[in-house]
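Undergrad: The structure follows.
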Amino acid sequence: MTPSHSLLNSNMPSGSASLIWFRKGLRIHDNPALEYASRASAFVYPLFVIDPHYMEPDPKAFSPGSTRAGISRIRFLLESLADLDLSLKKLGSRLLVLKGEPSEVLIRCLKEWDVKKICFEYDTDPYYQALDNKIKNYASLAGIEVFSPVSHTLFNPADIIEKNGGRPPLSYQSFLKLAGEPSWASSPLLVELSSVPPVGDVASFEISQVPTLKELGYVQNDQEELTPFRGGESEALRRLRESLSDKEWVANFEKPKGDPSAYIKPATTVLSPYLKFGCLSSRYFYQCLKDVYKNVKRHTSPPVSLVGQLLWREFFYTVAFGTPNFDKMNGNKICKQIPWNDDDELLAAWREARTGYPWIDAIMVQLREWGWMHHLARHCVACFLTRGDLFLHWEKGRDVFERLLIDSDWAINNGNWLWLSCSSFFYQYNRIYSPTSFGKKYDPHGDYIRHFLPILKVVSHDSASKECRRKMGEAYALNKKLNGVVSEDDVKSLRRRLDEDGGQEARGRRQRQKLIS
């Protein structure tokens with residue numbers, strides 16, 4: 001699909017200035033906020049704020065990076081910003097980079113640059129919701145127009161929730177019925193701009209170029225294997241073209257099939273990090289896939305098709321947006337209350353690829369070094385940490401993924417951990433990924449394992465998975481008995497009882513072994 005529309009800056013009032021605030025949406029194609037900022041403006045200030053909340057180096061963190069993001073994701077973001085800056089320069093503009101608390105920086109910019117219009121892509125993440133409300137409140141008092149379009153997702157989650165009587169749909173199928181076809185899908189998207197108005201006077205601001213990792217204070221370890229995935233819209237569109245060129249592969253794509261051990265040429269599009277940062281428009285991707293489907297005899301359908309994967313993203317965004325405390329067990333109405341173990345040593349062994357199960361450890365090394373792994377590999381290590389072997393809290397695993405994944409996305413990461421720990425959405429806790437046989441199925445010769453790898457078992461899978469199933473059964477029974485209203489004290493009490501039962505069982509085993517010997 002190659003729709004080409006030019007942007008005409010007609011009826012331009014003299015001296016009027018607009019500000020486009022980039023956060024995600026790091027692209028030129030299908031960017032309604034950029035298009036609107038450019039329309040009828042004499043000057044446009046394209047701004048990105050280096051937010052210490054995400055970008056300040058944290059020497060105490062368990063891996064190189066900031067408090068919240070590992071170095072691979074920060075590198076990917078900087079590459080994406082550098083690419084955006086190049087694209088803006090081709091259109092007669094440039095990216096302005098400032099550093100500080102975003103709302104404070106933005107309000108100062110709006111004052112000093114005499115901005116009449118501020119534009120930014122709508123964001124459902126709680127952090128940005130709070131930030132955006134500050135900016136909207138200031139703009140309203142100052143008489144500044146705010147334009148915040150929904151373009152990071154195919155649908156506005158609030159619309160789906162409203163259709164469902166004020167509650168988010170809690171199953172994929174019910175989401176599909178409510179969502180239908182996106183309202184914009186039959187119209188061509190604006191995928192090219194001929195120009196962007198020039199940047200106005202930046203007054204007393206010290207504008208910087210897109211910084212390097214070193215300039216941000218990060219020290220790069222030369223021994224580390226770097227992620228093979230480069231950030232930016234240019235790379236996103238190249239990958240998209242490459243994926244779509246094999247129409248048969250697109251038509252037959254079927255998740256959860258695919259080889260999680262394929263690392264030289266991954267068995268998926270690897271477009272998730274580009275969607276996360278908005279280097280690739282999910283709407284453009286959707287239309288491109290629909291165009292492929294029109295030109296093939298048959299194709300797979302949701303939930304397993306590639307369009308189905310985009311709709312899974314929408315499902316998690318919608319549930320996350322409509323569920324208070326979605327990222328926690330406590331206070332989360334859709335989350336089973338389970339007395340997870342609290343063992344920092346086991347957590348560290350999992351995180352640092354020291355479980356002794358080569359398949360699990362290799363995946364965790366790939367996560368640390370590449371910031372990405374196949375969805376089935378994610379399923380394996382998440383199951384192993386929670387209901388499969390270690391019985392550790394899904395929030396702990398979520399935090400590790402949130403830090404290390406280059407495609408870490410608040411709604412999708414939390415949604416998948418709720419799912420894979422059988423805390424919500426999926427409840428067949430007896431179905432456990434084997435950390436040995438599952439890997440052998442895909443990596444029979446150990447090529448993937450040899451490429452990544454480390455060392456010794458932290459648990460015996462057979463006995464550990466049996467114990468985990470027992471604990472999940474007890475937790476589900478308690479949730480059912482109390483109609484899902486399970487207090488923290490109830491969870492603590494159950495954990496104590498399970499630990500006591502487990503201790504008695506272990507003592508009984510030792511006693512039997514003595515009698516036998």
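Residue numbering: from 1, along the chain as shown.
Each residue, glycine too, has its Cβ placed from N, Cα and C.
So TrEMBL says this about it:
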| type | residues | note |
| --- | --- | --- |
| DOMAIN | 16-154 | domain 'Photolyase/cryptochrome alpha/beta' |
| BINDING | 268-272, 309-316, 407-409 | FAD binding site |
| SITE | Trp340 | site 'Electron transfer via tryptophanyl radical' |
| SITE | Trp394 | site 'Electron transfer via tryptophanyl radical' |
| SITE | Trp417 | site 'Electron transfer via tryptophanyl radical' |
| COMPBIAS | 497-508 | compositional bias 'Basic and acidic residues' |
| REGION | 497-517 | region 'Disordered' |
Undergrad: Is it possible to list how many residues within the domain 'Photolyase/cryptochrome alpha/beta' (16-154) are helical, extended or coil according to DSSP?
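TA: Tallied per class, the domain 'Photolyase/cryptochrome alpha/beta' (16-154) gives 59 helix, 28 strand, 52 coil.
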Undergrad: Would you count the other CB atoms within 10 A of the CB of Thr268 (FAD binding site), including those on all shown protein chains?
TA: 19
Undergrad: Between the recorded positions Ser272, Leu310, Trp312, Trp394, which lies closest to Trp340 (site 'Electron transfer via tryptophanyl radical'), Cα to Cα?
TA: Trp394
Undergrad: Trp312, Phe316, Trp340, Trp394, Trp417: which of these recorded positions has the sparsest Cβ neighbourhood within 10 Å?
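TA: Each of the recorded positions Trp312, Phe316, Trp340, Trp394, Trp417 was scored by Cβ atoms within 10 Å; lowest is Trp312.
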Undergrad: Have a look at the binding-site residues (Val270, Leu310) and report the one with the fewest Cβ neighbours inside 10 Å.
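TA: If we count Cβ atoms within 10 Å for the binding-site residues Val270, Leu310, the smallest count is at Val270.
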Undergrad: To the nearest Å, how far is the Cα of Val270 (FAD binding site) from the Cα of Trp417 (site 'Electron transfer via tryptophanyl radical')?
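TA: Cα-Cα distance, Val270 (FAD binding site) to Trp417 (site 'Electron transfer via tryptophanyl radical'): 20 Å.
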Undergrad: Cα of Ser408 (FAD binding site) to Cα of Trp394 (site 'Electron transfer via tryptophanyl radical'): how many Å, rounded?
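TA: Cα of Ser408 (FAD binding site) to Cα of Trp394 (site 'Electron transfer via tryptophanyl radical') measures 15 Å after rounding.
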Undergrad: Sorry to bug you, but what's the C-alpha spacing from Phe316 (FAD binding site) to Trp394 (site 'Electron transfer via tryptophanyl radical'), rounded to the closest Å?
TA: 17
Undergrad: Just to verify a number: CA distance, Phe316 (FAD binding site) to Trp417 (site 'Electron transfer via tryptophanyl radical'), in angstrom, no decimals.
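TA: Their Cα atoms are separated by 11 Å.
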Undergrad: Let me know how many other Cβ atoms fall within 10 Å of the Cβ of Glu314 (FAD binding site).
TA: 22
Undergrad: Mean pLDDT for the domain 'Photolyase/cryptochrome alpha/beta' (16-154), as a whole number?
TA: 96
Undergrad: Taking only the Cα atoms, work out how far Trp312 (FAD binding site) lies from Trp417 (site 'Electron transfer via tryptophanyl radical'), in Å, as a whole number.
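TA: Given the Cα positions, Trp312 (FAD binding site) is 14 Å from Trp417 (site 'Electron transfer via tryptophanyl radical').
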Undergrad: Run through the Cβ atoms and count how many others sit within 10 Å of the one on Ser272 (FAD binding site).
TA: 20
Undergrad: If one measures from the C-alpha of Trp417 (site 'Electron transfer via tryptophanyl radical') to the C-alpha of Leu310 (FAD binding site), what distance in angstrom results, rounded to a whole number?
TA: 18
